[in-house]
Amino acid sequence: MTNIRKTHPLMKIVNSSFIDLPAPSNISSWWNFGSLLGICLILQILTGLFLAMHYTSDTMTAFSSVTHICRDVNYGWLIRYLHANGASMFFICLFLHVGRGLYYGSYMFMETWNIGVILLFAVMATAFMGYVLPWGQMSFWGATVITNLLSAIPYIGTDLVEWIWGGFSVDKATLTRFFAFHFILPFIIAALAGVHLLFLHETGSNNPSGLSSDTDKIPFHPYYTIKDILGALVLILALSSLVLFSPDLLGDPDNYIPANPLNTPPHIKPEWYFLFAYAILRSIPNKLGGVLALVFSILILALMPFLHTSKQRSMMFRPISQCLFWLLVADLLILTWIGGQPVEHPFIIIGQLASILYFSLILIMMPLASLVENNLLKW
């Protein structure tokens with residue numbers, strides 16, 4: 001008799017995705033982040049669900065309801081901080097996952113990569129709206145500043161902003177709709193992640209060498225299930241340490257002050273995972289130009305397959321490209337630091353130079369380096 005996992009309509013989908021899936025024998029720990037992102041998403045949906053049971057999306061009671069969750073609900077403080085810091089872990093895994101894709105040329109799987117870029121935008125939108133919900137000072141002013149960027153769109157900008165706000169300022173209507181969208185988006189993300197996986201399994205995984213691994217495949221279970229469990233344990237250890245020892249490390253103290261439209265915080269800044277994009281936005285003195293640079297700083301990922309000029313897929317055997325890749329990583333860290341600094345003298349110019357370097361590396365220097373390396377192969 002054939003095994004039920006190979007015949008049952010539902011079980012055979014699970015089987016072909018997580019059990020009998022042929023996987024390259026040489027994929028490193030950089031390939032763990034897909035499963036970690038899945039774990040993060042499940043954790044966020046579960047903790048978010050329990051938070052939503054006690055949260056009220058009204059301007060008068062939102063801040064108090066979050067306080068109530070932390071003080072009065074059983075383990076409410078734990079659920080709240082798991083959710084807030086879970087978002088940080090989600091973005092750490094996301095950035096490492098995307099970085100892995102860039103380094104090893106995984107973007108050559110066009111469909112998988114493009115769904116991934118859409119996923120990145122969806123997760124960023126979800127995180128932004130989630131940050132507005134506690135209705136603290138940084139929530140309110142962050143929502144005001146970021147939504148206001150849409151007013152830079154010619155002709156329809158102002159109408160668009162007021163339509164999103166549901167009035168003439170960020171108010172009750174804005175908070176209610178942000179809560180609704182923040183609740184629904186993770187489920188859309190889960191569906192997109194399924195499509196992401198579907199497209200990936202059409203081609204099979206890439207591997208560090210960038211060469212075809214069809215001649216050397218191993219079953220996903222038990223090899224990579226065990227490996228993923230180890231990754232999950234490391235993730236849980238890191239998240240638990242953050243939540244239990246310093247839950248407010250990555251948050252902003254201003255968000256413990258209830259939202260006040262009459263009092264602007266001295267430095268309006270988003271959560272740490274948006275700072276690199278925020279620095280690029282601020283480095284351009286023109287409003288529309290800044291918004292375009294902000295969007296393009298992430299949308300540029302969709303251009304990666306077209307900017308690939310190398311004869312080799314992976315950067316494993318390309319030392320010049322490797323140097324430029326790590327320069328890009330350093331540049332993003334500098335942008336993240338600048339995004340959290342006030343707009344004054346050394347920081348403005350550093351931010352502008354880092355922004356120019358960011359686009360130059362991706363659009364000009366890395367494709368040129370690949371061409372140079374192609375010629376070096378002939379020697």
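Cβ coordinates are placed from backbone N, Cα and C, and glycine is handled just like the others.
According to Swiss-Prot:
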BINDING   His83, His182  heme b b562 binding site
BINDING   His97, His196  heme b b566 binding site
BINDING   His201  ubiquinone binding site
TRANSMEM  33-53  transmembrane segment
TRANSMEM  77-98  transmembrane segment
TRANSMEM  113-133  transmembrane segment
TRANSMEM  178-198  transmembrane segment
TRANSMEM  226-246  transmembrane segment
TRANSMEM  288-308  transmembrane segment
TRANSMEM  320-340  transmembrane segment
TRANSMEM  347-367  transmembrane segment
Point to revise | Interface check, the transmembrane segment (226-246) with the transmembrane segment (347-367), three or more C-beta pairs under 8 A | key: no
Review point. Is the transmembrane segment (33-53) in contact with the transmembrane segment (288-308), using three or more Cβ pairs under 8 angstroms as the rule and ignoring pairs under 6 apart in sequence?
Key: no
Study note, to complete from the structure: CB contacts under 8 angstroms to His83 (heme b b562 binding site), restricted to the same chain and 6+ apart in sequence, sorted by sequence, are Gln44, Thr47, Gly48, Leu51
Check your understanding: In whole Å, how far is His182 (heme b b562 binding site) from His196 (heme b b566 binding site) when you measure between their Cα atoms?
Key -> 21
Check your understanding: Which residues of the same chain, at least 6 positions away in sequence, have a Cβ lying under 8 Å from the Cβ of His97 (heme b b566 binding site)?
Key -> Phe33, Gly34, Leu37
Exercise for review: Please give the sequence-distant neighbours of the transmembrane segment (347-367): residues at least 6 beyond its ends with Cβ less than 8 Å from one of its Cβ atoms.
Suggested key: 279-280, 282-284, 293, 296-297, 300, 303-304, 307-309, 321, 324-325, 327-328, 331-332, 334-335, 338-339, 341
Review point. Any residues 6+ beyond the ends of the transmembrane segment (178-198) with a Cβ under 8 Å from its own?
Key: 17, 37-38, 41, 44-45, 48, 52, 55, 57, 112, 115-116, 118-119, 122-123, 125-126, 129-130, 132-133, 143
Exercise for review: Would you mind checking how many other C-beta atoms are within 10 angstroms of the C-beta on the residue listed as 'ubiquinone binding site'?
Suggested key: 14
Revision key, fill the gap. Rounded Cα distance, in Å, between His201 (ubiquinone binding site) and His182 (heme b b562 binding site) is 29
Point to revise | Surrounding CB atoms that lie within 10 Å of the CB of His182 (heme b b562 binding site), all protein chains | key: 21
